[in-house]
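Okay, so Swiss-Prot annotates it like this:
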REGION    31-54  region 'Involved in viral assembly and export'
REGION    180-219  region 'Disordered'
COMPBIAS  198-211  compositional bias 'Low complexity'
REGION    232-254  region 'Disordered'
REGION    460-643  region 'Disordered'
COMPBIAS  461-474  compositional bias 'Low complexity'
REGION    468-493  region 'Nucleic acid-binding'
COMPBIAS  481-514  compositional bias 'Low complexity'
COMPBIAS  515-524  compositional bias 'Gly residues'
MOTIF     523-544  motif 'Nuclear localization signal'
COMPBIAS  547-572  compositional bias 'Low complexity'
REGION    575-607  region 'GR-box 3'
COMPBIAS  603-632  compositional bias 'Low complexity'
COMPBIAS  633-643  compositional bias 'Polar residues'
Amino acid sequence: MGDHNLNVQELLNLFQNLGIPRQPNHREVIGLRMLGGWWGPGTRYILVSIFLQDDSGQPLQQPRWRPEGRPVNPLVHNTIEAPWGELRQAFEDLDVAEGTLRFGPLANGNWIPGDEYSMEFQPPLAQEIAQMQRDELEEILDITGQICAQVIDLVDMQDAQIRGLERRIQDRLGLRDNLPVAGIQAPPSSPIGQPIASSSLQPIPGSSSSPADLDGIWTPRQIDPRLSRVAYNPFLPGSSDGSGGSIPVQPSAPPAVLPSLPSLPAPVSQPIIQYVAQPPVPAPQAIPIQHIRAVTGNTPTNPRDIPMWLGRHSAAIEGVFPMTTPDLRCRVVNALIGGSLGLSLEPIHCVNWAAVVAALYVRTHGSYPIHELANVLRAVVTQEGVATGFQLGIMLSNQDYNLVWGILRPLLPGQAVVTAMQQRLDQEVNDAARITSFNGHLNDIYQLLGLNARGQSIARAQSASTSGNSASAGRGRRGQRTQQQAGRQQQQQTRRTNQGNQGQRDNNQRQSSGGNQGQRGQGGYDLRPRTYQPQRYGGGRGRRWNDNQQQQQAQPGRSSDQPRSQSQQPQPEARGDQSRTSGAGRGQQGRGNQNRNQRRADANNTRNVDTVTATTTSSSTASSGQNGSSTTPPASGSRNQGD
């Protein structure tokens, strides 16, 4: 049938007249129950959905309504009951539904005796049949025939029951002429209620005939025990024969008249055929608890963590095992929480997942006063996010949107989110619509700003995960990583050794040009960071026995006549030598050191000199240089470079 115009104001008037304390929502499905119209006095139904917004969430200038191709179920759908003319003012071009859908709950032909909607069924009249197509008419006649057949069967069954009751009444009235004694029939001539004198009753032997001359059928053993409760029973032996009865007979008293017939035994009731068979009780659906636990994990041991745990995994649980009824959701929740003491829920608490979380939260945390709601929601937002905090706040505050929004607004991640949320929420028609669409708006804004569900930056999370993956190694690669680290450390040690040797050569080269650097004064200092600290400070690399030999090989043409400036900082090797001498020896110029190095070079040509020997020689040379003048020739055995 397509879309049609909707008059929202008339729809609101219908809601108010029917006592519905709310406003219609976007995409709400409503059942219309039309009480009479152009088709006649019968009741007809149609299921419609209303549209108040477009796809972007903006209000429509002209709201629309659209018929749904489903039957109306008043027990499930929100149903509006009014005459067809009044409903047509709100829903333009309103008409009955197509086919058998116009019968509403009876669209499938299931007529239930005693049901309100079944008892008001009216078959289509001539004016309604005239508007039907051939296929539609055949379908309606089929369903109408089924309903009429069920009604006829019910009438026949009730007629049989009425005839049975009449027969029982006639049988009971026919027994009023007979006394209810087992195995005996009263003479038809004796009227009911006629007094019988006790003196006429004589003891009857077993072989004699009955008082009614019934050929000896009756015997005292056949007395019905129920007759003993009668105040005066002439068929029991009297006190005259000495046997006595249940109640002594008083001869002087007049015979009592039977006021009524004694109660008859209940007749065997005829089986009543129930036409409408009760629907079979559906077998309880098996819950795949193992599959659900594979997604959610184990239940938290702390009961206070259970509500938020269920709230986080509600979507995953619905994905594994969809739940359509509160009863089924209640069974799943109780199975997950494992019957914890005091946490078992009823179906009334499991209308949706928000109600489940709210009920469990109140049970585990207690009922909070309203002035502490801000602290509760702040803790929930910090742990679970704004969306979860909003849902819980709505439940705990009894749908107070303004209170919850005022608490959560300062907790949003940034002014951009606050502005965007306020702009979108202001476009909603009322607080109920804002509550319904809050999470949708929040997720859209988070996605637009590049934030995750908790308002955190996605780029930061990705960088953190990338660094974490690069820092961590997979299982099975630990041995390979250890080997790589060992090889890398060995290469670094080799590289440092080579750099140390190269640094020694560079130091020797700078010593050869020390005179020129001394002339520059302070400008000649080497300001690069010192790799090794002097040994007098506890540092240093130590010396090898062949370090001097390597220095001489690297600098064979160094002259000993070039003076060194006292302001020049000694090199690491020279500092190593000076640390073993006295303070006066360290104050001399570099001429003595040059002669000492030359003497060691000549000595190394003939034999290997120990480090201790070289140190002793250098110490004695430095002492002799301190006692003498600067022009004193070196000790014997030393050679000048010019020689």
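Glycine residues also receive a Cβ, built from the backbone N, Cα and C atoms like all the rest.
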Could you count the residues of the region 'Involved in viral assembly and export' (31-54) that DSSP puts in helix, in strand and in coil?
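Helix/strand/coil tally for the region 'Involved in viral assembly and export' (31-54): 0 helix, 21 strand, 3 coil.
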Short question: which residues 6 or more past the ends of the region 'Involved in viral assembly and export' (31-54) have a Cβ under 8 Å from it?
3, 6, 8, 11, 24-25, 60, 63-68, 70-74, 77-85, 87, 91, 94-97, 101-105, 120-125, 127-128, 429
Over the region 'Involved in viral assembly and export' (31-54), what is the model's average pLDDT?
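A mean pLDDT of 87 is what the predicted model shows over the region 'Involved in viral assembly and export' (31-54).
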